[in-house]
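Working notes for the structure below.
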């Protein structure tokens, strides 16, 4: 067993190898503070045929014992990955995936297992570093050393790996990954910070990354691992290179620079098929061998197309859909499309379209959070759906994909900044984004549609939030930043850079970079160009709806809340919940009680019944005085009068002489009657007189 220790950022780091998981191709036991993860790497001996991508899977396995907890539910064991586990898997996958050889076709599986959790030392960020180290000491071809850090910003100071308490007060919460040469991934949120503050956070992160990479280098130099050979191509490589001669650049340019996404794809495929057939005929490639050339020829065609697109952007500043580098696609916005929903919007930017829907619910509908670290509830939820018809494809409909969960999480972090506090707006808010069309930047379209729909629903947001996806083309030191990228520019570009925020600052940030050498100045330019675009998009949102609607939808529940003495919470609940259940049934409402603060929340579809329930409960805790007026319920009828309950357990007599001209027998149990308190004797017994309707 080998062991390496170092103190970094005020906490001890430990890497171990050779003690556990020795049958894996690569394994690292990593400890940071009291957080411990095991990163393992394994690779298949067989090549996967017929694919044009690296078959990599990354799994983040959360174990509840790591936090000293037993899983909830009937089955007391871990099941399929949780949403937080999926997000952590993506966080590890994104910085390591670009470092595999493009022609690796053996299945690679990276598993990061969480064994111990320290709330002040994030296991997902530790997982990035542990996975990098496990890959580098394995036989899997892997070109680079990456590390991850978390950055906070408290009281004007940037903090590397802030504590949980510091994160509560932090204006920035981002995870940054990279090599010693460059930042390659960013994911996080902020509380309306400036572009300069975000840039300095990135620079602080990179300096910290260099230290962790240097520690990894100390470990890796002690291993002399022979990397597995990459598969030899079965086709004639020289013949594939010759295929380039069949591509007419003028014809190719016409097809790449077609205006519409589908038109562009159809024209490009049509041209490709025509030259491939000629290539096969001219080079006498028999039909049974043509299948072997299908993927390499298409890759070569895409490579030439990519180079041409990039060259024209660099030299002419012209993009595939005819825009300049800073141009934003045409934007249209609508609100109030769906009559029965609580709020709705349609945001369209070019060929990307998001239908945003808001649903308001009672506090009882809060989402329960039970992760390794976090326990509690969540009152703002955003879900992102990406159906296959949005790209004109046919695919089976299953549960949400990892991509959908990741995009929804980013949009939720962006919009969360404008959600009013619970004491101002006690509703549970669910936003759903249905992507109806997609050609790049659908997560940022989701941010925009969500902001519009929230105002349409009457949620008292103080401002709009918008997002934009930026790109980068970097050739021989010359870089062009692209605003509002389409799918092709995302696929063939060097960077996908998403920024969301209000007019006052950035609220969410995500970046994936495929190249090194992105300078601080280029990042600054990208941030400020994104700000310019964001302001333009925000103006479009404000033109559509400038402030929240004054009234909620008639179909939204009505909510009222107030406080009672928390020491008397038991009186509202009653024995076995009898009292609160009877009130719920009586008024057809939902009631939630926080017995620690005494906060009572009443919700229901009928506003009048909600108000009646509120008054009923408030009366329960109000001292009864002579002259008070109540609406009560008849509980007993006698010859000498009727007994009326004005609140649970508070029953008094209306003597026949106090009923006016009505006899007691005119009433029946359950009738409602308005009464006035006319006497309270020494024993606390109540006497009422009937009030005329």
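Start at 1 and count along the chain as shown; that gives each residue its number.
Cβ from N, Cα, C; glycine included.
Residues annotated as Mg(2+) binding site in Swiss-Prot, with sequence analysis given as evidence: 490, 496. Residues or ranges marked as domain 'KH' by Swiss-Prot: 557-617. Taken from Swiss-Prot, the feature domain 'S1 motif' applies to 627-691, supported by sequence analysis.
Across the domain 'KH' (557-617), DSSP helix (H, G, I), strand (E, B) and coil residues number 32 helix, 17 strand, 12 coil. Among the binding-site residues 490, 496, the residue whose Cβ has the fewest other Cβ atoms within 10 Å is 490.
Using DSSP to sort the residues of the domain 'S1 motif' (627-691) gives these counts of helix, strand and coil: 6 helix, 37 strand, 22 coil.
When averaged over the domain 'S1 motif' (627-691), pLDDT in the model lands at 91.
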